[in-house]
Every structure is written in structure tokens, then in C-alpha cells.
Amino acid sequence: MTQDEMKKAAGWAALKYVERDSIVGVGTGSTVNHFIDALATMKADIEGAVSSSEASTQKMKALGIPVYDLNSVDRLSVYVDGADEINDRMDMIKGGGAALTREKIVAAVAEKFICIVDNTKQVDILGEFPLPVEVIPMARSYVARQLVKLGGDPVYREGVVTDNGNVILDVYNLKILNPKELESQINEIVGVVTNGLFAKRGADVLLVGTPDGVKTFTAE
């Protein structure tokens with residue numbers, strides 16, 4: 001089974017968590033694209049979706065799935081999204097696709113976070129994948145200096161502007177032993193919009209595509 005086939009299996013497995021007549025929170029990325037394809041097969045049974053990125057919005061609209069603004073929605077039963085890394089406590093690094101702020105907002109609204117990944121994303125300790133930090137442009141250099149003080153090696157992601165009009169610093173060489181603490185520390189830096197640690201609001205259910213099928217894990 002190829003990596004993409006494992007992503008597809010995880011994406012389709014998430015369909016069973018979608019409630020009829022509900023509005024579904026939808027994330028961003030290659031694994032989520034498979035979930036969107038799956039969601040399109042039951043678009044007549046759901047009210048629509050809230051999207052965390054322009055890319056996902058365009059794909060869903062092209063498939064005929066109604067997309068709502070989050071401000072017009074009172075309730076999201078589930079949010080389905082991928083991760084760049086996830087540990088056994090359901091803490092994640094996300095934001096490789098630069099949609100981390102909107103992803104974090106939609107995740108905060110949802111009652112249940114379903115994380116879909118292939119088995120290469122499971123790690124013991126977060127930090128091998130660089131941690132994305134969304135930054136207001138004028139604060140880029142200042143924030144980078146503060147991130148160095150935290151032990152990181154920030155690199156400006158050239159040519160990338162987020163859907164919110166901001167820039168991304170990718171922070172390398174962080175060994176993240178306390179994800180919740182580091183998430184708070186980075187978010188307290190003036191000029192940071194948010195960072196890609198999803199520890200305060202981690203996943204509730206993890207669906208992992210493996211060569212032996214999809215494995216399900218739930219948060220304790």
C-alpha cells in the first residue's frame with residue numbers, strides 16, 4: 001500500500017463520524033483532500049461544511065458541497081483534519097500548508113476533532129517536523145529573535161502569504177517535550193498570530209492509515 005493509499009484509507013474512514021444534517025468542519029492538506037472526495041458522496045445528507053482554507057473551500061465548491069462562513073454557524077459536531085506530526089497523547093504539529101490559524105479556530109469550535117494521517121506522521125516526540133509560526137509581517141525579525149531564545153532555529157518561508165495576509169516562520173531543531181507549555185510561550189510573543197502546536201486542543205480521535213488498514217485511537 002502506497003503512502004497516498006494509506007492517506008486515502010484514513011480520509012474515507014473519517015466519513016463514519018459525520019452526522020446527518022450537520023455542518024462539518026474540514027481542514028487542509030493531501031489527506032483531507034481524500035476526505036473531501038468521500039464527503040462529496042454524502043453531500044445530500046449534510047447541510048454543508050466550514051473550511052479552514054481557501055484551497056479546501058474551492059475543492060468542496062467544485063464538488064457541490066455548500067461551504068459556510070464560520071461566523072454564521074452555531075455548532076460543528078466534528079472537525080476533520082490531518083497533521084504533520086502527532087504523538088501518543090494526541091498533541092500535533094500542523095501548518096505545513098500554512099493554514100494553521102484558521103485550522104486552530106475551526107478546531108476550537110468543533111465538539112470533536114478527528115485527525116486523519118498515514119503512519120509516517122506518528123512520532124514519540126514532536127519537533128522533527130519544523131514548527132510553523134504565523135507572524136504579522138512587521139514583527140517577523142523580532143519574533144525570530146525570540147524564537148531563537150526558546151532554542152529554535154527559525155527560517156522565513158519565502159514566497160508564502162497566509163490566507164490572513166501574514167507570513168510563516170518555520171522553527172527547526174525544537175525537541176518539544178512539553179507541547180502545551182511551548183504552545184503558550186510562543187503565542188505570548190508579540191506579533192505571533194498563532195503557532196502550529198495543537199496541544200491545548202488536541203485530537204479526540206486519530207485514524208491512521210497503515211499497510212494493514214486503518215487503525216483507530218481515542219484520547220484518554
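The backbone N, Cα and C atoms fix where each Cβ goes, glycine too.
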Per Swiss-Prot, member of K121, K149, K175 binding substrate alongside T28, G29, S30, T31, D81, G82, A83, D84, K94, G95, G96, G97 | K121
Rank the binding-site residues T28, S30 by the number of other Cβ atoms within 10 Å of each Cβ, and give the residue at the low end.
-> S30
Students should find that the Cβ of K121 (substrate binding site) has, within 10 Å, a number of other Cβ atoms equal to 23
Using C-alpha atoms only, work out the spacing between K121 (substrate binding site) and E103 (active site, proton acceptor) and round it to an integer in Å.
-> 18
Other C-beta atoms within 10 angstroms of the C-beta of D81 (substrate binding site) total 29
Other than T28, G29, S30, T31, D81, G82, A83, D84, K94, G95, G96, G97, K121, the chain contributes near substrate (Cβ within 8 Å of their centroid) the residues G27, V32, V117
